[in-house]
Amino acid sequence: MAKADYYETLGVSRTADEKELKSAFRKLAMQFHPDKNPDDNDAERKFKEINEAYETLKDPNKRAAYDRYGHAAFEHGGMGGGGFGGGGFGGGGGFSDIFEDIFGEMMGGGRGRARSSGGRERGADLRYNMEISLEEAFTGKTAQIRVPTSITCDVCSGSGAKPGTQPKTCGTCQGSGRVRAAQGFFSVERTCPTCHGRGQTIPDPCGKCHGQGRITEERSLSVNIPSGIEDGTRIRLQGEGEAGTRGGPSGDLYIFLSVKPHEFFQRDGADLYCAVPISMTTAALGGTFDVATLDGTKSRVTVPEGTQVGKQFRLKAKGMPVLRSSQVGDLYIQIQIETPQKLTKRQRELLQEFEQISSKDNNPESTGFFARMKDFFDTFSD
């Protein structure tokens, strides 16, 4: 099922600015939030789509990639737009900030975002899709990948402050990140408008990261793919996701592996299957053939006389290695018999002569089948 356009999901134009995006998100998030729509799966799905769209479009780098490549920018080796790269419910930034504003005003701050001292926040988790060959899954490999992500600013070491200066406790909220205001009979708590909930202000922001404590950069990482890895395996690289803000801990990077289909082998766990076509005469008279295996060797298969289609030959320990084990699966050779095509006149004559001199013993399966079929139909005429 094709993903909806992020701009259409939020109901904004492709030229919408940050303020328009945030306003549209707030409105839709309030409408479809699970707390307001309990046991409504459609509302929950819509809520997730709205969050994913906003998390992508609010980030200038992700938005630029989406505008150029669409959803493909976050697939097949790119950063995940939903669930991980977009931050989801667990890490990211804008999503929780906005809901802190929304529900802080509604419920007196009960849903304020958890922040550590000084406004430090954990960075978002990232997703990277990697495709490898069956041969690489067999041997294992070390892959070099490049991941565009936010990293800790090397100038201010993540503090956001200009070197030689320090962040200061916010004078408006006294470091709590929240302020209270009386509205009639109610006291409403909301995010501090001065420090935006961080509890600190930065009078002299770092010139490189502009007070954010992190910058966007493409990093090169080395990923170890163990021998025997299976399709769909997820590898977690702890602390290799986006850097946290204001010196907060980094998120994690998740590598999602897919193994490409192979030209000859099909995989079932640690076992491999290979369909091998042989000639009709080889099947009838017997013979041998060599089959290449993933370990780089060749194995000889002996075909006995009268081999039938579908016959399987097992080559022990010629399959896939079992992940983190000394065990190895088997390779199963499945026989397919190729019927001759484009026969010459002489070949046809010889086959016809062979048919004439054949006995029931030469084809016991077909002879027995048609005899049983005749008996079956005879029961209807009795």
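From the backbone N, Cα and C atoms, a Cβ is placed for every residue, glycine too.
Copied from Swiss-Prot, the annotated features are:
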DOMAIN    5-70  domain 'J'
ZN_FING   140-218  zinc finger
BINDING   Cys153, Cys156, Cys206, Cys209  Zn(2+) 1 binding site
REPEAT    153-160  repeat 'CXXCXGXG motif'
BINDING   Cys170, Cys173, Cys192, Cys195  Zn(2+) 2 binding site
REPEAT    170-177  repeat 'CXXCXGXG motif'
REPEAT    192-199  repeat 'CXXCXGXG motif'
REPEAT    206-213  repeat 'CXXCXGXG motif'
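Neighbours of the Zn(2+) 1 site: apart from Cys153, Cys156, Cys206, Cys209, residues of the same chain with C-beta atoms within 8 angstroms of the site's C-beta centroid are Asp154, Val155, Ser157, Gly158, Ser159, Gly160, Ala161, Pro205, Gly207, Lys208, His210, Gly211, Gln212, Gly213, Arg214, Ile215. Counted as Cβ pairs under 8 Å, contacts with the repeat 'CXXCXGXG motif' (170-177) are highest for 192-199 among 153-160, 192-199, 206-213. Listed as Cβ neighbours of the repeat 'CXXCXGXG motif' (206-213) (distance under 8 Å, sequence separation of 6 or more from its ends, same chain) are residues 152-156, 158-163, 243-247. It is Cys153 that, of the binding-site residues Cys153, Cys192, has its Cβ surrounded by the most other Cβ atoms within 10 Å.
Remote same-chain partners of the repeat 'CXXCXGXG motif' (153-160), defined as residues 6 or more beyond its termini with a Cβ less than 8 Å from a stretch Cβ, comprise 166-167, 202, 205-209, 211-215, 243-248. Using the Cβ center of Cys170, Cys173, Cys192, Cys195 for Zn(2+) 2, the list of other same-chain residues with Cβ within 8 Å runs, in sequence order, Gly171, Thr172, Gln174, Gly175, Ser176, Gly177, Arg178, Val179, Pro193, Thr194, His196, Gly197, Arg198, Gly199, Gln200, Thr201. Of the candidate binding-site residues, Cys153, Cys156, Cys209, the one lying closest to Cys192 (Zn(2+) 2 binding site) when CA atoms are compared is Cys209. Annotated pair Cys173 (Zn(2+) 2 binding site) and Cys153 (Zn(2+) 1 binding site), C-alpha to C-alpha distance, rounded: 27 Å. Recorded residues Cys170 (Zn(2+) 2 binding site) and Cys156 (Zn(2+) 1 binding site) have their alpha carbons 20 Å apart, per Cα-Cα distance.
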